[in-house]
Structure formats: C-alpha cells, structure tokens
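Annotated features in TrEMBL:
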COMPBIAS  1-14  compositional bias 'Basic and acidic residues'
DOMAIN    104-241  domain 'Peptidase S54 rhomboid'
REGION    1-21  region 'Disordered'
TRANSMEM  31-53  transmembrane segment
TRANSMEM  113-134  transmembrane segment
TRANSMEM  146-164  transmembrane segment
TRANSMEM  170-191  transmembrane segment
TRANSMEM  198-217  transmembrane segment
TRANSMEM  223-241  transmembrane segment
TRANSMEM  268-290  transmembrane segment
Amino acid sequence: MRGGDIESRGEKNRGSNHASSYAVEDTDTPWISWLIPLFVVANVVMFVIVMYFNNCTKSNQGCVARFLGRFSFQPLRENPLFGPSSSTLERLGGLEWKKVVHQHQGWRLVTCIWLHAGVIHLIANMLSLVIIGIRLEQQCGFVRIGIIYLLSGIGGSILSSLFIQRNISVGASGALFGLLGAMLSELITNWSIYTNKVCALLTLLVIVAINLGVGILPHVDNFAHIGGFLTGFLLGFVLLPRPQLGWMQRRNLPAGVRVNSKYKAYQYGLGLVSLVLLVAGFTIGLVLLFRGVNGYDHCHWCHYLSCVPTSRWKCDGN
C-alpha cells in the first residue's frame with residue numbers, strides 16, 4: 001500500500017517532487033524479509049504434520065485423493081476445504097472453548113494460529129500473508145512485524161473464544177487481519193509523510209471492509225478477524241511511528257543546534273493510549289474467558305458480526 005504513496009521526508013523538505021519509501025531506523029536500505037517466508041514454511045509444515053496424523057485411509061473409505069495414502073483428505077461432505085477431520089484439528093491444538101476454559105489448555109490460543117482446516121484455507125491465508133507481510137517486514141523490520149503477527153493472532157483467538165464456544169476454530173486469519181490493522185494505524189500515525197494520503201486511507205478502508213464483510217458468511221470466524229484487526233491496529237500506533245527528520249539527521253547538525261524529539265507529540269499520545277487499551281483489552285478478555293463468560297450473554301446482537309442470516313443460508317448457533 002505504500003511504495004509510490006510515501007514521500008521521503010528528506011526529499012519533501014528539500015522541495016523534491018520525487019516520492020520514495022521512507023527510511024526506517026536511520027537507513028535507506030529496506031529490511032530483508034525472512035520472517036514472513038519462515039511463517040509460511042511453518043504453516044505448510046504444520047499442515048503436512050496434521051495430515052500425517054489425520055491418516056484418513058485408516059478409518060474412512062471415502063477419502064479424497066487416496067493415492068496420497070495417509071495424507072489423503074477427508075470426504076468433501078465432512079470437509080469441503082480438502083483437509084483433515086475436526087477431531088484431528090482438535091487433538092493437535094485447534095481452539096476449542098471447553099478445553100481452554102475447563103481443562104486449562106490456554107496454549108490453544110497460540111497453537112490454533114498455525115493450523116488450517118484444508119488446502120484451500122491454507123493457500124488463501126498464505127497468499128495473503130506473502131502479499132501483506134513481506135512488504136511490511138521490508139519496511140518495518142522482522143521484530144515489530146513478528147510481534148504484531150503473533151499478538152494479533154492471540155487477540156483474535158481470545159475474542160473468538162468469548163463468542164464461538166461450540167465449534168473448533170483454526171487459522172492465521174486473526175494474525176493476517178492484525179497486519180491489515182497495523183497498516184491502517186501506521187498510515188494514520190505517520191500521516192504527514194504520505195502523499196495521496198486520502199486515497200491510501202480510503203483504499204485501506206475498502207480492503208478492510210471487504211474482508212470483514214466476507215466474515216458475515218456462515219462457517220467463517222469473524223470474531224477472530226475483528227479481534228486480530230483491533231489488536232494490530234493498536235499495536236501499529238505503539239510499534240510503527242516514524243521518527244522526525246530532525247532527529248534522524250541529528251548526527252549531521254552543527255553543535256548547539258536544537259535537536260527535535262524523536263517522535264511528534266501526537267505520536268506519543270496515540271502510542272500511549274493504544275498501549276493502555278491493548279493491555280486492558282487483553283487483561284479483561286483473558287479474565288472473562290477463563291471465568292467461562294459467554295460473550296453473547298452481554299451482547300445479544302453480536303452474532304450479526306459473525307453471521308447474518310439470509311434466505312440463502314442459516315447461521316448455526318455458537
């Protein structure tokens with residue numbers, strides 16, 4: 001989303017009309033992306049491991065692609081995404097409310113991020129991760145993007161568990177929505193260095209709206225999407241503000257010249273407020289989750305955030 005839309009502060013102050021990517025951490029060299037490709041490999045490896053343990057041919061005669069042996073898929077009537085059984089996903093770390101709350105298996109909030117329901121689910125998520133994540137990692141570095149990805153995935157798992165309590169949830173969608181949220185907050189907190197900023201903002205909002213809109217379809221865990229998006233949005237204000245030009249050039253300034261603060265006042269303010277909201281949100285969410293609270297008891301209309309019934313489909317109770 002950035003590329004030609006971001007104007008280098010140095011060039012902007014010199015009156016140049018050339019737009020380019022803005023330097024991060026006092027360097028014009030983009031980071032080499034290795035963490036996002038590693039995440040992709042990890043997700044693919046985990047899917048292969050899940051299919052190995054699933055071993056459809058051992059207990060089912062209707063497996064799809066039986067030539068794959070124990071890696072063949074469950075019958076399409078059971079899993080139309082070409083993947084394992086729900087019992088296998090549950091056994092290997094899928095997000096299941098009863099096990100998290102009553103059996104104290106909080107680790108499932110993390111492991112479910114690395115599991116996928118099928119080949120179609122995996123390919124869709126990994127393509128999105130490559131398109132969104134590599135660009136962000138090149139511009140912001142692996143540490144910050146890794147933190148956003150993982151915490152957004154956990155945030156999505158927490159919100160999902162508060163509402164989706166009868167089904168198993170898996171997938172990296174919450175983490176992916178966190179990256180989208182971080183892109184949006186990065187644009188807002190670094191507003192002054194963008195050209196065509198309104199166009200960039202509208203484009204991002206449309207992308208987010210379309211993706212969240214897909215979540216109102218049945219069998220899609222939109223609460224994970226929303227939780228991941230909100231977590232990434234807040235983390236973007238904390239981790240992705242860009243330093244002021246004066247601070248970046250402090251080593252080249254003559255002695256006695258006043259150096260600007262690293263960030264602008266509004267960036268500090270947004271970062272502090274976001275950090276407080278983030279800590280409060282995670283704390284409240286975890287407390288409510290492990291107390292066994294059902295989110296629908298306190299928000300009766302929230303089911304419309306995950307599925308809107310129409311004449312073409314019905315929404316299963318959660």
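Cβ atoms are placed via backbone N, Cα and C, with glycine included.
Within its own chain, the transmembrane segment (268-290) is flanked in space by residues 100-101, 104, 106, 154-155, 158-159, 161-162, 185, 188-189, 230-231, 234-238, 241, which lie at least six positions past its ends and keep a Cβ under 8 Å from the stretch. Note: the domain 'Peptidase S54 rhomboid' (104-241) comprises 107 helix, 2 strand, 29 coil (DSSP; helix = H, G, I, strand = E, B). When each of the listed stretches 31-53, 113-134, 223-241 is scored by C-beta pairs under 8 angstroms to the transmembrane segment (146-164), 223-241 comes out highest. Listed by sequence, the residues of this chain that lie at least six past the ends of the transmembrane segment (223-241) yet keep a Cβ under 8 A from its Cβ atoms are 140, 144, 147-148, 151-160, 162-164, 169, 171, 173-186, 188-190, 208, 211-212, 215, 263, 267, 270-271, 273-275, 277-278, 281, 305-306.
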